[in-house]
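As written in TrEMBL, here are the features:
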type: ACT_SITE; residues: Cys397; note: active site, phosphocysteine intermediate
type: BINDING; residues: Asn335, Ile336, Cys397, Ser398, Asp399, Gly400, Trp401, Asp402, Arg403; note: substrate binding site
type: COMPBIAS; residues: 36-46; note: compositional bias 'Basic and acidic residues'
type: COMPBIAS; residues: 604-619; note: compositional bias 'Low complexity'
type: DOMAIN; residues: 185-560; note: domain 'Myotubularin phosphatase'
type: DOMAIN; residues: 366-428; note: domain 'Tyrosine specific protein phosphatases'
type: REGION; residues: 34-56; note: region 'Disordered'
type: REGION; residues: 604-625; note: region 'Disordered'
Amino acid sequence: MGCFLRARLSHSWELQEQRVSSMAAASTSKYNSHSLENESIKRMSREGGNQDLSETVPRLPGEMLITDKEVIYICPFNGPIKGRVYITNYRLYLRSLETDSALILDVPLGVISRIEKMGGASSRGENAYGLDITCKDLRNLRFALKQEGHSRRDMFESLMKYAFPLAHSLPLFAFLNEEKFNVDGWAVYNPVEEYRRQGLPNHHWRITFINKCYELCDTYPALLVVPYRTSDDDLRRVATFRSRNRIPVLSWIHPENKTVIVRCSQPLVGMSGKRNKDDEKYLDAIRETNRQISKLTIYDARPSVNAVANKATGGGYESDDAYHNAELSFLDIHNIHVMRESLKKVKDIVYPNVEESHWLSSLESTHWLEHIKLVLTGAIQVADKVSSGKSSVLVHCSDGWDRTSQLTSLAMLMLDSFYRTIEGFEILVQKEWISFGHKFASRIGHGDKNHADADRSPIFLQFIDCVWQMLKQFPTAFEFNERFLVTILDHLYSCRFGTFLFNCESARERQKVMERTVSLWSLTNSNKEKFKNPFYTKEINRVLYPVASMRHLELWVNYYIRWNPRIKQQQPNPVEQRYMELLALRDDYIKRLEDLQLANSAKLSAASSSPPNSSQMMSHLQTQF
């Protein structure tokens, strides 16, 4: 019966297709990957957030209105716009007061990097007196205010206090957020379960709790995977020879050939070329977990000149003389300071206006895509060594928490299709970035007013950009869409969730982050349809090798240039939109099919107890809907 009805439905497909657009408008929101965050905020406001009397400002549970002012927003695209700005302990919200403009700005205060006063008491030019706000997400905001009544001072002080709460002994908003979701994002990552998924422990690798109180290494997770025949005392001796005690530990094991990806920090060789027999023996033990390989491949993420220079500060690299069974390669990825300056140059060419006449040369001068290429190329080399079974791989940079995290996580994404699912990617981020001590607090500066801090750097943004490049080249390989990646980056800065707060696992435990804050994954996993890629095709054990040549890499326009209204008009992707419309149409057909089947079933049940003849059956099946 089902097959016959499906045939009837297929026959009427063309007759129904002209109804796609109107139906899609009503039902595509289920699939729309561009509808994201504001809907969530507004819904939370209606369901439990408090709002001011005029109901003009959406608020999260735990969010309080601090002040509001009438301002002139100096829009870089449309000129001055009169509006009212509302400042809460979480966001800056501007609503236009002009009848011909529906402009709304909704900016989490965590995004703000710098607040400066423009103009003084003697300023006479139009809109010359006010505030200039620099944001971490590649945009600036400028507001002009009246000079009388200390209106600027009130707004400046409120913004400084709540955008940089750490400087005023106030908690980050994540500790005040009272949102409730139907999914607990903190339950996504369980290290024991993730290692068990990889088939660990086994005869060659064991789980150790030597770091359960973070005494071996205060920036590593409590649970580590190490060679089976290495004792905890051996690990303590190795830790003395690795920067910040970040010893080599397993990140991923190949399910078939059993080669592994291991991560650590640089050895403490120094100018005198020190050696450590325990460290050399330990690397041999890693190599010998797989009897098929004769050499351990070491990928040092740094340019060789930097690695040599690090000897002057007590660091260095593994020399051939000391590590006979290892092969060392440098990947030429530059340090955090180079990446920070490169992103600044990107902002200069994309905000507020795009330099169209010299676009290609301007983009090339930023070197941003060149850095993306080097990171991807390095990760491809790691993945290829492991996938081919030629060698196990050890990855490090200087301290093992920036470039190392980029390389291990991207290589794992290429090798393991599980990490290409929504929850799998969340686990990858939790594991390789959050638990292994990428310094999110230092690199992003959550709640910290020191915008010129030399520790700030877009390392995690660079990783997400690399993931987007892969998503672009393999459009059916990932369960998540572009909006998922943008949402992660938005909340990297927002301080709405506890996921990216602090520098390491031990600091998060001291602050009881899991008990006192909400996880970002609670948001994404309770709204999964928004973040799903409609083209996703599940494949097991397919290794992805993206093309990392410059002609195949693109600037991520929907992230870096998204504040430009002319760019916004290009969204959503027309192919994706059309596909979502067809999905909506398909869902409507399936629902009609189910209704018909239920109706026919009821009619057949109500018929006489004697079996109906075939002509009766056919008349039921051919009923038109």
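Quick reminder: no glycine exception, Cβ is built from N, Cα and C everywhere.
Remember, TrEMBL labels are computer predictions, not curated facts.
Values in this document were obtained by computation on a predicted structure and should not be read as measured data.
Around Arg403 (substrate binding site), the C-beta neighbours below 8 angstroms that are at least 6 residues distant in the chain are Ala301, Arg302, Leu331, Ile333, Val375, Cys397, Ile459. On its own chain, Asn335 (substrate binding site) has Arg302, Asn306, Ser398 as residues at least 6 apart in sequence with a Cβ closer than 8 Å to its own Cβ. Report note: the substrate site is defined by Asn335, Ile336, Cys397, Ser398, Asp399, Gly400, Trp401, Asp402, Arg403, and the residues of the same chain whose CB lies within 8 Å of the CB centroid of those residues, excluding them, are Ala301, Thr404. Neighbour counts of Cβ atoms within 10 Å were taken for the recorded positions Cys397, Asp399, Trp401; the minimum is at Asp399. Residue pairs drawn from Asn335, Ile336, Cys397, Ser398, Asp399, Gly400, Trp401, Asp402, Arg403, the listed substrate binders, are separated by up to 12 Å at the Cα level. Across the domain 'Tyrosine specific protein phosphatases' (366-428), DSSP helix (H, G, I), strand (E, B) and coil residues number 46 helix, 5 strand, 12 coil.
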